[in-house]
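Asker: Got a structure here, written out as structure tokens. Questions coming.
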Amino acid sequence: MARNKIALIGAGQIGGTLALLAGMKALGDIVLFDVAEGVPEGKALDLAELTPVEGFDAAYAGASSYDAISGADVVIVTAGVARKPGMSRDDLLAINLKVMEQVGAGIRKYAPDAFVICITNPLDAMVWALQRSSGLPPEKVVGMAGVLDSARLRYFLAEEFGVSVEDVTAFVMGGHGDTMVPLVRYSTVGGIPVPDLIRMGWTSEERIAAIVQRTRDGGAEIVNLLKSGSAFYAPAASAIAMAESYLRDKKRVLPVAALLDGEYGLRDIYVGVPAVIGARGVERIVEVELDRSERAMFDRSVAAVEGLVEACLKIAPGLGK
């Protein structure tokens, strides 16, 4: 049986890490695409040469022409300008919007049946633009944000409680930015809700509030430490988890940026929500109950995303048609 084909648009730090993880997880053959001459070919060759060492069979190829992604089962988009110190995700809007329009056109022509995962920031606006530009069904175009933000929250909680990350569940809703909504009430350690652990004296509300804020600042913290570039290991692993759930029909419940169609009282907007990811893409959106405070935070996050989309439409009015 033919192996799946995974196309990675952008061969930078995230793209290279995606290619490594996809191969090691035996998800399929990998094509790295990048406009930088020689870079995708060089990384593909380097990766191909590690396959005998790691003992897996995957074909790696690099290209600077969109026809190389023809027939891809999964397309993961990282193309665009990365954040620099002092730069917000929103500062990237005008530059990366043009990139999404070009990438969307390439996907529409060469990989119209693919499951598309967008990583490019500002995430919620870029995945919206990518879906509009590609014309693919909304359930086949998602953004990677919530898996990463939730992983950061889980890691910080595991550190706080001195337990394995495997025993911590948590998820983050809303936009991928300063207004994201880490849901402490739905976070657990070994099945025990974090609010109960606060009452048991394991931690304090103040320490959990600090963890919530650190989660919101997670990307910026790494950007400031690196001085040049942004996070790439955890974002790549998060996108691969989404791709694996689709390719293997695992039906994992993952927080992703999905297009809402009435869920949470919203329509025609991409925002982070828990969803079932299987062979049909986004198979179901999970509507969790939000209390008044959580809903207020979620609404603020949605408003921030709506502002970005409006800014996109001013730059590229054609996307609204």
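Placed from the backbone N, Cα and C atoms, the Cβ positions cover glycine too.
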Asker: Looking at Swiss-Prot, which one out of Asp29, Asp34, Asp73 binds NAD(+) in the same site as Gly10, Ala11, Gly12, Gln13, Ile14, Gly15, Asn96, Ile119, Thr120, Asn121?
Answerer: Asp34
Asker: Counting only residues 6+ away in sequence within the same chain, which have a CB under 8 Å from the CB of Gly12 (NAD(+) binding site)?
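Answerer: Expected: Asp34, Thr78, Ala82, Phe232.
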Asker: If you pair up every Cα among Gly10, Ala11, Gly12, Gln13, Ile14, Gly15, Asp34, Asn96, Ile119, Thr120, Asn121, the residues annotated as binding NAD(+), what's the maximum separation in angstrom, rounded to an integer?
Answerer: 17
Asker: Fewest other Cβ atoms within 10 Å: which of the recorded positions Arg152, His176 wins that one? Let me know.
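Answerer: Across Arg152, His176, these recorded positions, the one with fewest Cβ atoms within 10 Å is Arg152.
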Asker: Express the distance between the Cα positions of Asn121 (NAD(+) binding site) and His176 (active site, proton acceptor) as a whole number of Å.
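Answerer: That comes out at 8 Å between the alpha carbons.
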